[in-house]
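Notes to accompany the following structure.
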Amino acid sequence: MLIGVGTDIVQIPRIEKILHLYPELFAKKILTSKELKQFALLGKINHAAFLAKRFAAKEAVSKAFGVGIGQGINFKDITILNNDLGKPIVEVSSNYTNKLSPFNIHLSLADDYPVCVAFAVIESSYNVIRG
């Protein structure tokens with residue numbers, strides 16, 4: 001059963017400006033501890049694109065859940081990692097997922113300066129959302 005679909009587009013220069021003003025604060029606001037470890041391994045030239053993709057991905061996932069960031073789910077509730085082939089893998093905090101039946105999140109990310117886009121699809125193997 002389809003739970004939802006979400007998409008988001010982010011202008012990478014917008015993130016570059018935020019990083020210039022708040023170099024560490026912005027990353028700590030939107031990234032989980034696992035993502036911060038990946039972020040620390042990147043060269044500074046890749047920081048803005050990495051953050052833009054994570055921001056867009058988390059917005060897309062929250063929209064697919066039907067709520068949006070700050071309306072029942074937060075940036076820190078969603079972790080975006082990559083498997084060995086680079087495929088994005090989404091982890092959602094149990095604080096949020098306890099309300100849902102088992103589900104799968106499919107996420108696609110793309111960037112071509114100056115924009116990046118994220119597209120998320122959430123599906124469940126059950127027809128019921130627990131309340």
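Heads up, residue numbers simply count up from 1 along the chain you see.
Keep in mind that glycine also has a Cβ here, set from the backbone N, Cα and C atoms.
Computed from a predicted structure; not experimentally measured.
Database features (Swiss-Prot):
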- Asp8, Glu59: Mg(2+) binding site (BINDING)
For Glu59 (Mg(2+) binding site), list the number of other Cβ atoms lying within 10 Å of its Cβ atom.
22
Other than its own, how many Cβ atoms are within 10 Å of the Cβ belonging to Asp8 (Mg(2+) binding site)?
20
Work out the three-state DSSP category of Asp8 (Mg(2+) binding site).
strand
Which of the three DSSP-derived classes (helix, strand, coil) applies to Glu59 (Mg(2+) binding site)?
helix
